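Beneath this line is the structure, given in structure tokens, with notes to follow.
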Amino acid sequence: MFCYQCEQTDRTNGQPGCASAKGNCGKDATTADLQDLLVHALKGIGQYAALARGLGESDREADRFILFGLFTTLTNVNFDAARFTAFLREAATTRNRVKARCDELAQARGTTIQPLSDAAAWQPGASLPELLAQASTVGIQEGLKKLGEDVIGLRALVLYGLKGVAAYAHHARVLGYESEEVYAGVETTLDFLARHPTDVNALLSHALELGQLNLKVMELLDAANTGRFGIPQPTSVRMTPVAGKAILVSGHDLGDLHALLEATKGTGVQVYTHGEMLPAHGYPTLKAYEHLAGNYGGAWQEQHSDFAKFPGPILMTSNCIIEPLPLYRQRIFTTGPVGWPGVRHLADHDFTTLIQAAKALPGFRETASDESITVGFGHDAVLGVAGKVVDAVKAGKIRHFFLIGGCDGAAPGRNYYTEFAQQAPDDTVVMTLGCNKYRFNRHQFGDIEGIPRLLDLGQCNDSYSAIRIATALATAFGCGVNDLPLSLVISWFEQKAAAVLLTLLALGIRNIRLGPTLPAFLTPNALDILVKQFGIQPLGDARTDLAMALAPRAA
Ligand code: SF4
Ligand code: SF3
């Protein structure tokens, strides 16, 4: 195996990357290799799907399978090698169907299909060893040997951005929101990658095009979440348990949470959110369920201790799962793209066994004293008070805005974000999103003229809110986003964050502070380009970086 797609990749060897029997996330070599092969197979489907679209037809099942397939290969989503073997068979069947239709369409038009790439011609090996032998020819290391780190690193940037795009598009699609333009963009990118691009400029410009595509996807996801569950409203969320039977839901999928709230209605079982599910409490349709009792625990990397202590079953709806401890292995369930070998997987929103488990487990014996925080500051809520915010800036009451957010992780350097947020002066406003917020969201920030100093915009899935707010402020002040008194301090961990970063760069946003470490797949040459073109800055010391962000800018 060789994998360097996430921030926690092994950096203890000369060439950064997880390359032993198991990655730092717990992904075993077989699963890692099958994931590489699945990406290869999806490139082939993407090529035929793009071709079919050019011939006037799209194949919605293939489009959806591509999103789902890419999502399963994200960090901390699916660790179940047996399921990847099944996905590979499904990939071959899907590709054959789209290819056959392309042949028919081409024949009807009297045109000839030019040979595509090796990915389009791939035939699945008959056994696991054969599949693994195939995987060894399509993995990253093979490319590194042939083409070197710069080209392979930039291909990785495009692929990892695409994985993030696919994950967000899948979140929208399960809520019933799809876009032909998005499917076309995803498949064009797969086609691009399948053709083994080597031109550094073409790779960089495709990465930025992907950032633009991701903006459309984030907009679609915003429409999906608000269309299905209403516009988020500032809402106080209980952070401590109440007595009674309980289920914990983690991940990002609001549709799964909604289905579970319906299924548990009237059962006496309380539902708690974990990690990235916290912003669900701000949506009118979801918070109307009285048994949506509160939030429990912290960000994903706390799950070993949070899940071990939780006195009921747990449902993982998307990233980020880590190896379940024996202490709770019998009471954790997966759904959607998520998988762990031996862990029960629930399909089609059938939560019968989950609810039975909740009833059989003790639940919380006592109600703890109430502690709460406020969530639900999506773009509508914030822009609803935009006039007040603009006035406060003009009156010198708000000096600066920070967006401190993104993915969290376990690395010690991540305390930077806590220090940065907590040391931000009283005349500054901190906006946050993603699970990084758990590093400071219990801190008392207070308010400025009734505007809360901490505004929780939502999940990483809600990055669109940050972009909407920044562009609206720029319009209100008659300047560009880069001229606003706004600093972005972004924490990245995996491929969803790669997609959001590409969107910010595609929008021309400069001087982003990115950490805790820079992506290992980007070589010094690639980083040099990003630093020169976009002013991306690695993290320094929180106090110094904060002072630099607040220093008057040169005219
Ligand atoms: Fe390593 Fe991250 Fe890949 Fe897991 S996903 S194998 S931790 S680089
Ligand atoms: Fe990232 Fe897993 Fe939390 Fe959604 S997605 S923020 S780490």
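The backbone N, Cα and C atoms fix where each Cβ goes, glycine too.
Annotated [4Fe-4S] cluster binding site per TrEMBL: C3, C6, C18, C25, in sequence order. Counting only same-chain residues six or more apart in sequence, the Cβ atoms lying under 8 angstroms from the Cβ of C18 ([4Fe-4S] cluster binding site) belong to M1, F2, C3, Y4, T9, D10, N24, C25, K27, A32.
Positions annotated as hybrid [4Fe-2O-2S] cluster binding site by TrEMBL: H252, E276, C320, C407, C435, C460, E494, K496. All protein chains shown were included, and the count of other CB atoms within 10 Å of the CB of C320 (hybrid [4Fe-2O-2S] cluster binding site) stands at 28.
For C407 (hybrid [4Fe-2O-2S] cluster binding site), the same-chain residues 6+ apart in sequence whose C-beta sits under 8 angstroms from its C-beta are E7, G434, C435, N436, C460, S491, W492, F493, E494, K496, A497. Taken residue by residue with DSSP, C407 (hybrid [4Fe-2O-2S] cluster binding site) is part of neither helix nor strand, so it is coil. Positions annotated as cysteine persulfide by TrEMBL: C407.
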DSSP-derived class (H/G/I helix, E/B strand, else coil) of C25 ([4Fe-4S] cluster binding site): coil
Inside 10 Å of the Cβ of C3 ([4Fe-4S] cluster binding site), count up the other Cβ atoms and send me the figure. 25
Coarse DSSP state, helix versus strand versus coil, of E276 (hybrid [4Fe-2O-2S] cluster binding site): helix
Filtering C25, H252, C407, E494 (binding-site residues) by proximity to ligand 1: which pass a Cβ cutoff of under 6 Å to any of its atoms? C25
Kindly point out which of the binding-site residues C3, C6, C18, E276, C407, C435 have a C-beta less than 6 Å from some atom of ligand 2. E276, C407, C435
